[in-house]
């Protein structure tokens, strides 16, 4: 039976949940496949996450390894392959708690950076898991800035080997996943030296543990870096190399090679390296960022119709907390953002696919745009979603802080995404560099990519809206975003030029404008997100029931953004004070409308209870019973308190004997 | 849960609720006879107590609590019951494993009538064996976000009987025949709440200061990329974006420090008055601290996370110390009054004050700026629009700007509320439909109070160099707040576009001015390394070698080859 408080929410849905789910999945076939994969994984007790919240770091690591090993078997049994339609749903079904993700990066990096010969040698070994790989780039003292890496690889002509060293403590490899305990091999990045000359950072395959007994190889110091905010199932590791020798053939050499006599040869374009980074950034968005925020919304919204508090009408039953305007104002914009970013992911995927097609034709023209957008959106989406999950957590009152709610682990996991694969501020500045370049080009009448042509037409304007209903027009608000982004980019470009013209050196001028540049990059991404949402809604014409609610969400996403960044829209008088009041009114009017469909809108994400693993967010809404049941499974309840035996008993007994 | 902060600064402990709530409640609410019976045993730890108020289904809204205590005159006992799953006591610290007594809040029923919430002393575990008593179900609520040291617990009671004398009866009483005697006044309970919330404000300042200390020291040690081509990698603290992340937080930490001290002092002064019977200032202080509790804890919460992010990947490691500061601090947004509810309490006071002013009366204290509204009522436009000429380098002038913003948002919220009421909506409905505006008004009011208190503090500093640097921080705090909320200042013309541009420019200049003093400013917080608990924030800055030492202690490193190799990896590899 379903809790009547949540059942009633489903009876009034304005659209078909199943239809929305299918549309989000991109067709009935996908929905069927996804559900089949989820069912196969969740019905297998080896993959159970039942006790996850009660496990120690050691236990979680071991469980993740066990699951990874079992997954190999499972895939074989089910006939799932890496190129099959099921593959992309496996990770979502496992909810992430599985080892050897870096092993896949290891494989990917060899396929991308290795010569045909290297691929032929290493990939089969890795695919059959005869070795376990990791990917060692980041060092204790250096992360995002790759040129700063300090590990060295010196070529020794006499033995035809590279000698790898960690010259000082800040040069230790630090953070690579799977490296602390599991990996036997790693791709280590090091500064290449030939006859005293430095050739920059290159990748080398290094064996770190014995294939026989897993002990560390000579010259290798490696281990786990200790507990983190989350990812306790991953053995993020450290690695120090002391005169470790690897054969000349172990330098990955698709683009460059050291020949036996020590000659350094480079060929091909290194631009393709960017492509690897962008592919990783785009692929992490859906699994690591958008899925978690969708889960957090599901949990918080379902709980908010079960939890009742205080009275809205005197003498009546306590109200569902979702009926409070302040609660709606916390959660519904996050829900709208989850949808907005789900669609942005599609947008980026399409941009990626198109670029890939062009690259195969040796046309690299689209690469800068793809790189700029994937950087900017990685930053904007991870940051927005991280704070969205935290809002969901705190919107669940005290119970949100219980691990059993599922929210703390979603939060501590998603927030790492703001750092890995490029620190967000640095990524925004990369996007800004692209935008400034495009702005200059557009101002000079040169051609720019279609997504930034608006930069050619930045000029003072006024918003034409006359009443609050006008602000429900996508043209009106998209235009407002476009104007705001254009103004921020053009004024920052002007500031940069002023500084340079007044004699400030270019790099100093850049540093002095970075705060503004980062804001401009965010504004651009926000504009594209709004525009893309509006376009997505427009294309839905054939599905009227869904289109209506999606339109409301799109309006909410857009107006919430204006409401919370009012200054940016008021600044040059694009919006007047009176218009801002209209925006606020329209925005607040949307809340109770979307409130009615809130539960169906999260139901449509179609997460199973097992995948949510939350006592607060289950489909049936039996929150309190579940919380009580789960708490009793806590190991602390299965034993007499050791603290009682050790400390309290002597304390209390001494007192007793005195009485 | 929060009470660790004044029982002993730093880590929470299972006895916190005993020392922080059980004993004080006995002192304030027990009769002399009850104190004789319970206080000394509790003081000697024969009785270990906790305070069980929150239930699974009810937190902030106390009237909704469901636990019942029904008086039985035949045996002169109270019969305690947890009638539903939602009524199970949930969260009290020390309840899960440690305590043998609890002060339980329950709805009192006597002579067939409900008399509201009252407190009862309830034995829950057997002396000697520490086993739950018959009729009591008690246990730990499972793992949380931090606070692993505390056995937060649940408690379920089934027809559990306690003697009549176990109801705390200093104020309200139940006589042997079941007659209920009402308490005299409930204003005093305000006092305790004010006190506890003032502690949270102090805790906000302290927690944010710790995070700033770590992030700023680490940013002076960490080098990255290049600003000038060809030169060595600069300290990341030299990047404008890094300064923009951290220095406003540093200024905020200082600001909150002064706010915490102000509330504590005001409370001390007023509580002196309480014993003399003058409670006139208490409602305002109560209203103000509710909002400031929310304002400071929200800001500090976000700020701690920003500090962590500013430390890049290493901030995410537990060795940075910031994850622990965060998980320990973040529940303060919820406990002792959920923040949104707190903001709305302050709003209620603001609206009341506004209504008074519009009906021709004067208001005093922090809301006295609303008095200006009455003089301007003849003019049709917004209050704030005309009067202020803001000088962006003068803290006193910025206080006026914040005042104007608060006035305008309070007025707007009050007017919107009135408009909703005019639509013949019920009072509650109208309030709910205005609550987003009301929270904004409260925030603006609190923000004004913080800027005002920070500015007022400057004149008290006698050392010129210290005053100079605090003035810079105060300006930074005020200007940063404007730049983050430009909409409020632009919309009604408190500032012009050109002034906002100047504010942003001045803000960046201040970052560069504060940069040379940044480490000294966090050193002044005077946290010892042990207390800071952070490898990144060490006073000596020897970060990397100590991270390595710390990592070696990880449980996964206990053996060179982890057992999972033998169990899982080796079989897999050999099979293929």
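Backbone N, Cα and C define each Cβ position, glycine as well.
Predicted automatically and left uncurated, TrEMBL annotations should be read as such.
Values in this document were obtained by computation on a predicted structure and should not be read as measured data.
Features reported for this protein in TrEMBL:
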- B:336: active site, proton acceptor (ACT_SITE)
- B:54, B:93: FAD binding site (BINDING)
- B:10-48: domain 'Acyl-coenzyme A oxidase N-terminal' (DOMAIN)
- B:51-159: domain 'Acyl-CoA oxidase/dehydrogenase middle' (DOMAIN)
- B:190-351: domain 'Acyl-CoA oxidase C-alpha1' (DOMAIN)
- B:394-573: domain 'Acyl-CoA oxidase C-terminal' (DOMAIN)
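Structure with TrEMBL features highlighted.
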{"residue": "B:54", "record": "FAD binding site", "Cβ within 10 Å": "21"}
{"residue": "B:93", "record": "FAD binding site", "Cβ within 10 Å": "28"}
{"residue": "B:336", "record": "active site, proton acceptor", "Cβ within 10 Å": "21"}
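Here the C-alpha separation of residue B:93 (FAD binding site) and residue B:336 (active site, proton acceptor) works out to 14 Å. By the count of Cβ pairs under 8 Å, the stretch nearest in packing to the domain 'Acyl-CoA oxidase C-alpha1' (B:190-351) among B:10-48, B:51-159, B:394-573 is B:394-573. Counted with DSSP, the domain 'Acyl-coenzyme A oxidase N-terminal' (B:10-48) comes out as 26 helix, 0 strand, 13 coil. Each residue of the domain 'Acyl-CoA oxidase/dehydrogenase middle' (B:51-159) gets a DSSP state, and the totals for helix, strand and coil are 6 helix, 50 strand, 53 coil. Geometry remark: residue B:336 (active site, proton acceptor) versus residue B:54 (FAD binding site), CA distance 10 Å. Secondary structure at the residue listed as 'active site, proton acceptor', taken from DSSP and collapsed to helix, strand or coil, is coil. Confidence over the domain 'Acyl-coenzyme A oxidase N-terminal' (B:10-48), given as mean pLDDT on the 0 to 100 scale, stands at 82.
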